[in-house]
Amino acid sequence: MERTTLRRRALVAGTATVAVGALALAGLTGVASADPAATAAPPVSADSLSPGMLAALERDLGLDEDAARSRIANEYRAAAVAAGLEKSLGARYAGARVSGAKATLTVATTDASEAARITEAGARAEVVGHSLDRFEGVKKSLDKAALDKAPKNVPVWYVDVAANRVVVNAASPAAGQAFLKVAGVDRGLVTVARSAEQPRALADIRGGDAYYMNGSGRCSVGFSVTRGTQNGFATAGHCGRVGTTTNGVNQQAQGTFQGSTFPGRDIAWVATNANWTPRPLVNGYGRGDVTVAGSTASVVGASVCRSGSTTGWHCGTIQQLNTSVTYPEGTISGVTRTSVCAEPGDSGGSYISGSQAQGVTSGGSGNCSSGGTTYFQPINPLLQAYGLTLVTSGGGTPTDPPTTPPTDSPGGTWAVGTAYAAGATVTYGGATYRCLQAHTAQPGWTPADVPALWQRV
């Protein structure tokens, strides 16, 4: 979003790590597993990858076209495998990430006896000292302290699944330690990293297109959505409050903000008038639009591309999930940290991995000349918060659970939290269904109730 208070230049510097407490691993070490068992490639068709996305991946990540296609396919498969292992490992799950040119999936656990299960699922196993749940509890305490009073000189904190730590970025060790003291967390689970980062909000319906608020500031469309018969788009909350009117990229009357939250979260949606038709597309800025097929969330290390009305199309990688970041206006929790660059006016724009919607641009530091760090608001929590349906090439992803959940389980192989690829089959209520579009199952999205996702066979 473009506005005077957000035009300060953010400083980008390296980080010097300061350990606040030693991490006790209770004698556990990483497991050097055998190569994971081969699994079938996910259904990511070559036609679904736009020339613009491939070109941006080549430019920003140093990949050739074949490597970019292979990486996206591997990352898609990794997201599905990681989701399944997170569910099956439960409290023993310690996070997942991809790394290397081939996007090799590593899944961490606190239980060495689970290494074989992880390897059999097609991932490399790593045994660590603490579960993801434990670190999420620490981060939750930090978030609560920040909501009571935003910490001074502490811009970012997150769970680093690769390091099996909570990391707090601060202008000085003293500032970081003061924040930990206020939050009352176990310092033995936290690393304070010195950082000069100063994040700020960046300020047909098609992701990445410009829109204008009340005839003044500019932001970018995230993704086309519907709510019942009402069309609209998802975007960032800091771009406008409820009742703020918008004009589209052509400067014609477009819509009105119906929901908006900022700070705390950075989510919003705009209802558009009858002159605007939602499309399952993201603007490729001269290199072909990208089709949106679903919203399966990617894992740490996966590639991700961003479309915005200031800087166009740029790519990078996902660095951390469930990050908290402090802007001048307050703290935002639950965003994803990335290496993609962005600038004011890109706010609200689309983040997408392959054909899967990931989120909308929130803010960051740096720029697209010198590089930087950005944060996006994940799309699935945004859709769920407002009861929206993502417009996709398969007809939409439902987000409204039934008002009265069933009291008895109908049985079958379908399960909440599982990532399903297009073409996968499940049983539910005595019937067999085929998945029509990739997604991660949510409560209420049962095969019998969501024909946009499942077809009975």
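Just so it is clear, glycine is given a Cβ too, placed from its N, Cα and C backbone atoms.
According to Swiss-Prot, the cysteine that forms a disulfide bond with Cys341, out of Cys315, Cys368, is Cys368. Between the C-alpha atoms of Cys315 (disulfide bond) and Ser347 (active site, charge relay system), the distance comes to 15 Å. Among the disulfide-bonded residues Cys305, Cys341, Cys368, not one has a Cα within 10 Å of the Cα of His238 (active site, charge relay system). Around the Cβ of Cys368 (disulfide bond), the same chain contributes Thr311, His314, Cys341, Ala342, Glu343, each under 8 angstroms and 6 or more positions distant in sequence. Looking at Ser347 (active site, charge relay system) and Cys219 (disulfide bond), their Cα atoms lie 5 Å from each other.
On the 0 to 100 pLDDT scale, the region 'Catalytic' (203-393) averages 93 in the predicted structure.
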